[in-house]
Amino acid sequence: MAHNPLAPEWLSSPADANTLTDGLWPSSARRTDDGAITIGGVSAGDLAAQFGTPLYVIDETDARTRAAQLRAAFDAEFARIGTTVRVYYAAKAFLSTEVARWMVEAGLNIDVCSGGELAVALAAGVAPGRIGFHGNNKSRAEINDATRVGVGTIIIDSPVEIERVAEAAGRHGMVQNVRLRVNSGVHAHTHEFLATSHEDQKFGVVFEDAPALVAAIRAQPSLNFLGLHCHIGSQIFGVDGFAESASRLLSLQADLLAGGPVPELNLGGGFGIAYTSVDDPSPVADLAAALADIVAAECARRGIPVPVIAIEPGRVIIGPAGVTLYEVGTTKPVRIGENTRLYVSVDGGMSDNARPALYGAEYSVRIADRVSEAAPALVRVAGKHCESGDIVVDADYLPGDVAPGDLLMVPATGAYCWSLASNYNYVGRPAVVAVADGEARVIVRGETIDDLLARDAGVPRSAHEVSTSSTGEVSTSSTGEVSTSSTGEAGSTGEAGSTGAAGSTNDMKETTR
Ligand code: LLP
């Protein structure tokens, strides 16, 4: 078929727009005989009926397996060069207590970058010693809390933090392990990396300043210097950027060894994943092997011991394990000259996936509750928000008979979708459901209209209380004020059952229109 000029160069019309492209989907994703996509043995239709749409779905086995396999690959490769690896899961990609426990059970530590993420990790029962605390502007309260609970490491990101962390640790009568984040001057993004001498960015200390700052850390009796840290970017496909950065950091490491021990080196996260059929990230095992070779060679060249290595991947663990389920509300063929793009609007959008709007991120899509023989049509999946940049999938092909009521599934939404979600247009954030072995369960409930009203100090509480019903329906009081149910109120404190009801969030949305 001729290339539709409205499609990006890389996207060609597939022979079959029902196929689940390799590498994009959670490992349990299948099409069953009736044409439905199942994840973890639960069909898209059942998920939508039970929990409503939009819905984040995480394949629990896949997430756990990715975490365990990554750790095993790094353990094996770094054992080969005579050292060990600490793997931290970068919680910013997706964090709930449940997911934190999966990661710990897979042998990972947890990397947090705010007091909120720290609170969730602690609520999950993660041992504080397994937590690394990041941030370029940690508040004094955050530093105080982190030292008080005894987090394993704090990553110092600017000179002023040396005293702040030392003082907080001293106050709690403990010695805090710290790393120093250094700007290695390498910045990588997907296929390319840039190496500049003075990169202009907010993270890390200036490379040349590191020796003096390490001396200042060593001079603090309440701090224990573990080593250097660098993170060169995210969604990186190749190994060259990591190699360049590791090489620079190890040259610094060699200098620092003259002044005392430097037992560890943290190389950060950033391993990329596939979002479309043409994305081709390096497999984790290849990255592990290549990084181990580089570290071994650079240490040998400088005659220094191989340090304990730490890494902090997020996306590569949780990203491919997650999908988002939507329902199609409207379709609209838009003719541009000789060509047509079919706009397919779903019941979510930039509030549940900000990445296309924020970064121009590309995604893929499939009809999730049926297969179709209809000729593939170029589609753009748009959200329901009042903004033309509200796009979920900029370009993919779906069977041309895609229609209102169809369920759509967007793969690879496990990372940086829920964590970046917003309430734009007062759309509640969807629930997160974990699926495994034919069972689905809510791990984070969706937001109700009550949740959205709960923090608005101007909502008349008396009218609100009088007119609520126990069924979760929105009703209008005699004074004409729109109000909501008391079940939602209970739900907002985290009680079970408030989201589990079939489509409750959607029902409420409908009745408020
Ligand atoms: N370590 C540090 C210090 C980081 O800043 C990050 C990500 C990671 C680890 C984990 O990176 P990952 O392995 O997940 O790529 N919101 C953007 C990504 C921002 C990443 C920020 N830092 C996105 O949606 O693409």
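Just so it is clear, glycine is given a Cβ too, placed from its N, Cα and C backbone atoms.
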What does TrEMBL list, out of Gly270, Gly360, Gly458, as binding the same pyridoxal 5'-phosphate as Glu312, Pro313, Gly314, Arg315, Tyr416? Gly270
Mean of the pLDDT scores, which run from 0 to 100, over the domain 'Orn/DAP/Arg decarboxylase 2 N-terminal' (78-318): 95
Nearest of the recorded positions (Lys92, Gly270, Arg315, Cys386, Tyr416) to Tyr359 (substrate binding site) - Cα to Cα: Tyr416
By a simple count, how many Cβ atoms lie within 10 Å of the Cβ of Cys386 (active site, proton donor), its own Cβ left out? 9
Greatest CA-CA distance (Å) over the residues Gly270, Glu312, Pro313, Gly314, Arg315, Tyr416 that the record ties to pyridoxal 5'-phosphate? 15
Would you mind sorting out which recorded positions among Pro313, Cys386, Glu387 put a C-beta under 6 angstroms from ligand 1? Pro313
Number of other Cβ atoms within 10 Å of the Cβ of Arg315 (pyridoxal 5'-phosphate binding site) across all protein chains: 24
